[in-house]
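Undergrad: Below you'll find the structure I mean.
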Amino acid sequence: MKTLTLLLSILALANAYPSSHGFATIIQRDQLKKEYDYVIAGGGTSGLTVGDRLSEDGKYSVLVIEYGILDNNPDILSGGVNKAMDPSREFVISSVPQPHLNNRTVEVVVGKLVGGSSGVNGLQFFRGMKEEYDLWAEIGGKGSDWDWNGLLPYFKKGIHFVPPYDYLAQDFNISWDLSAWGQDKDTRIFAGYPNYLYPELKTYYDAMAAYPGMPIPKDGNAGTGGLYYYPTQMDPKTYTRSYARTGHWDGISRSNYHLLTSSQVTKIVFNGNRATGLTFRPVNSSSTTTPPTTVTARKEVILALGTIHTPQILELSGIGSKSILSAAGIKTKVDLPGVGENFQDHGFFYNISWAFATPPPIPAVNSSGDPASALSFNCGAVVGLPIFTTAKKTEDLYRSFKAQSPSRYLAPGTHPDVVAGFAAQKHAFEKIFRSENTAWMWIVLLGVPFFNPVMQHPMSRGSIHINTTTPTAEPVVDYRAFSNPVDIAVTVEIVKFLRRYMTSEFWAAYGPIEFSPGAQIESDEQIAAWLRGIYVPSVYHPVGTCAKMPRHLGGVVDEELLVYGVEGLSVVDASVMPVIPGAPTTMTVYAVAEKVCLCVICFLWGRKGKGGAFMEIEDEVQSRN
Ligand SMILES: Cc1cc2nc3c(=O)[nH]c(=O)nc-3n(C[C@H](O)[C@H](O)[C@H](O)COP(=O)(O)OP(=O)(O)OC[C@H]3O[C@@H](n4cnc5c(N)ncnc54)[C@H](O)[C@@H]3O)c2cc1C
Ligand SMILES: *[C@@H]1O[C@H](CO)[C@@H](O)[C@H](O)[C@H]1NC(C)=O
Ligand SMILES: *[C@@H]1O[C@H](CO)[C@@H](O)[C@H](O)[C@H]1NC(C)=O
Ligand SMILES: *[C@@H]1O[C@H](CO)[C@@H](O)[C@H](O)[C@H]1NC(C)=O
Ligand SMILES: *[C@@H]1O[C@H](CO)[C@@H](O)[C@H](O)[C@H]1NC(C)=O
Ligand SMILES: *[C@@H]1O[C@H](CO)[C@@H](O)[C@H](O)[C@H]1NC(C)=O
Ligand SMILES: *[C@@H]1O[C@H](CO)[C@@H](O)[C@H](O)[C@H]1NC(C)=O
């Protein structure tokens with residue numbers, strides 16, 4: 001009894017928040033109902049989106065259980081790309097040593113607060129290319145509608161786009177295509193532009209625009225790539241972070257939408273083959289002997305713990321590869337070898353930089369705006385191999401990839417279903433490998449001769465599994481970075497591209513001198529060796545560990561995102577993406593979460609929702625002030 005009182009007071013403290021906002025109901029443990037229609041594990045990006053949608057018409061009761069707190073630190077809203085990231089609101093896990101990166105370990109970072117990773121992320125906001133999503137449907141099999149056309153209404157429904165001011169659009173050549181966007185008044189996840197851009201950015205844009213063959217789409221969010229200005233995850237009225245909490249929790253007043261914070265989900269509860277609930281325990285409990293609390297889900301248990309923790313909870317609940325489960329002493333409920341496999345992230349490298357003999361002049365642009373309105377970067381080149389490397393190199397890379405046997409570079413002992421899944425991915429990817437619009441490379445333009453280029457289509461496949469000696473410890477994360485040699489070969493081409501860009505005619509008058517890595521790093525082998533010392537196989541966009549693919553291909557969830565082998569259990573977070581798109585992942589996470597709400601609910605419970613296709617699009621630039 002004493003322990004319980006203590007727990008409750010700890011929770012009360014952890015849950016303290018200013019009451020000026022009209023929040024939906026945040027509950028204390030003693031207010032927990034025994035049963036809800038839907039119980040959602042994880043109050044992050046996808047979890048709050050789904051929680052909001054499932055509770056919006058008041059018919060269903062929804063509980064979200066979140067590890068972190070409602071964190072009101074002002075840095076989250078206005079600290080921009082640098083300040084929001086903080087270990088107090090992140091899980092920080094060390095990966096296993098990476099043999100192809102000189103045995104370095106990598107920091108795995110994901111959000112740990114109400115709003116999840118969308119509360120700490122870098123705010124850059126765009127989606128992948130049409131053909132990258134069409135691949136999802138191709139791997140999904142006949143009738144799959146997880147392609148570009150099937151997702152587009154949910155990109156529109158999930159995101160409220162606000163175009164930039166005319167003076168910025170004119171001075172910097174920002175264009176957009178409203179037919180790719182939604183402006184639903186009820187959608188409070190905003191994609192917006194700042195009211196100021198650094199004039200120097202224009203120089204880097206113009207130089208990139210002058211690069212031979214560089215495409216400039218009207219809007220890079222309309223399905224094809226190139227050089228463009230994208231929006232950021234920002235409310236353009238207040239110039240503050242727009243994230244899952246502000247969009248899908250704050251200001252919502254609904255007694256059927258509950259959130260329990262500071263609570264760690266520990267296991268899924270089953271009745272026979274049906275998931276009937278979850279167990280959880282208070283995060284800050286000093287006692288490890290307190291039995292976990294159980295809550296019942298009448299309709300469905302929904303996992304939204306993110307790519308790192310969703311496979312962990314599945315495995316702890318007996319769903320996963322039988323060999324891993326038995327090594328951990330866990331009884332197998334469903335032998336599902338794909339759980340925790342197929343792990344992908346984007347990778348990047350840094351410290352590639354130049355200096356100028358004569359710095360380029362600063363362009364004359366309207367500078368009446370406020371630099372603080374830019375919370376993050378918003379301009380880049382997002383392009384395919386034939387744009388950034390030679391025709392011959394594109395062909396060579398393609399041929400060596402095509403010739404690979406699918407199992408050749410997977411981990412030894414990979415389950416045959418998982419191998420078959422990679423074979424299907426590889427087969428589908430071969431068709432788009434050489435496309436201009438399969439965005440292998442993303443160069444963010446910063447307005448300085450310094451770059452953090454992103455490699456967006458790793459063919460290496462890693463894994464995330466429970467620690468078999470201590471199953472409740474943080475999972476074991478292995479990127480298996482550069483295990484597929486095509487990855488380092490493509491990354492070498494990115495270095496060579498940047499050298500061509502910085503030595504292009506545009507810059508000649510200013511005498512660019514390469515500062516790092518420097519002229520002594522010249523051959524492909526030397527560049528590769530330099531990369532092994534510096535490459536980071538994560539831009540914090542982990543996906544793929546509970547992939548939506550057919551079961552015989554190592555899939556974990558089906559086309560409705562329901563977990564194979566059991567009933568009443570779904571996964572709705574980034575882990576369901578079968579192949580990582582060539583774009584940062586948040587916008588895709590929102591679209592997936594929006595789509596599954598309509599498809600799961602329509603399909604299972606006959607509810608009709610409002611699709612993006614019915615929305616009226618209007619230009620909001622004039623009306624926002
Ligand atoms: C530092 C950083 C920078 C990024 N930069 C960008 C960017 O610029 N642009 C972009 O588009 N994307 C970016 N991303 C990626 C993007 O934010 C994620 O892909 C997306 O938010 C993932 O959504 P999710 O719902 O899958 O998981 P999350 O949003 O991470 O939600 C998972 C939630 O589950 C909770 N949880 C975990 N385990 C438990 C448990 N056992 N019990 C209860 N709760 C639990 C977590 O606390 C978290 O709230 C970045 C991510 C990070 C971390
Ligand atoms: C990495 O570690 C393994 C195992 O300890 C060792 O065999 C290998 O030589 C190491 N590689 C490098 C590049 O240090
Ligand atoms: C400006 O953008 C358009 C696409 O909207 C592109 O066609 C054009 O080439 C760009 N102009 C410059 C000068 O970069
Ligand atoms: C745990 O307790 C610490 C110290 O009181 C607090 O700072 C932190 O926010 C709590 N964490 C959670 C998830 O409740
Ligand atoms: C610069 O932008 C402001 C809006 O902030 C506008 O009022 C002004 O007319 C613009 N000046 C020019 C020269 O375009
Ligand atoms: C597994 O957990 C134990 C105990 O927490 C830890 O010592 C060990 O390093 C972990 N193993 C891996 C591979 O992370
Ligand atoms: C970056 O490159 C420079 C020049 O090669 C080198 O001196 C410096 O140590 C590098 N910095 C990092 C963090 O690797």
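Just so you know, glycine gets a Cβ as well, placed from its N, Cα and C.
Any TrEMBL annotation is an automated prediction that lacks curation.
Since this is a predicted model, take the numbers as computed values, not measurements.
Checked TrEMBL, it gives:
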type	residues	note
SIGNAL	1-16	signal peptide
BINDING	Thr45, Ser46, Val265	FAD binding site
DOMAIN	111-134	domain 'Glucose-methanol-choline oxidoreductase N-terminal'
DOMAIN	306-320	domain 'Glucose-methanol-choline oxidoreductase N-terminal'
Undergrad: Restricting attention to the domain 'Glucose-methanol-choline oxidoreductase N-terminal' (306-320), give the mean pLDDT.
TA: 98
Undergrad: Tally of helix, strand and coil residues over the domain 'Glucose-methanol-choline oxidoreductase N-terminal' (306-320) according to DSSP?
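TA: The breakdown for the domain 'Glucose-methanol-choline oxidoreductase N-terminal' (306-320) reads 11 helix, 2 strand, 2 coil.
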Undergrad: May I ask which residues of the same chain, at least 6 positions away in sequence, place their Cβ under 8 angstroms from the Cβ of Val265 (FAD binding site)?
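TA: Set apart from Val265 (FAD binding site) by at least 6 residues yet with Cβ under 8 Å, we have Ala41, Gly42, Ile65, Tyr67, Leu278, Thr279, Phe280, Leu305, Ile313.
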Undergrad: Across all the protein chains here, work out how many other Cβ atoms are within 10 Å of the Cβ of Thr45 (FAD binding site).
TA: 32
Undergrad: What's the number of neighbouring CB atoms sitting within 10 A of the CB on Ser46 (FAD binding site)?
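TA: Taking all protein chains shown, Ser46 (FAD binding site) has 34 Cβ neighbours within 10 Å.
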Undergrad: With helix taken as DSSP H, G or I, strand as E or B and everything else coil, how many residues of the domain 'Glucose-methanol-choline oxidoreductase N-terminal' (111-134) land in each class?
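TA: Counts, helix then strand then coil: 9 helix, 2 strand, 13 coil.
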Undergrad: Could you tell me which three-state DSSP class Val265 (FAD binding site) falls into?
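TA: Assignment for Val265 (FAD binding site) reads strand.
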Undergrad: Please report the DSSP secondary structure of Thr45 (FAD binding site), reduced to three states.
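TA: Looking at the DSSP assignment, Thr45 (FAD binding site) belongs to a helix.
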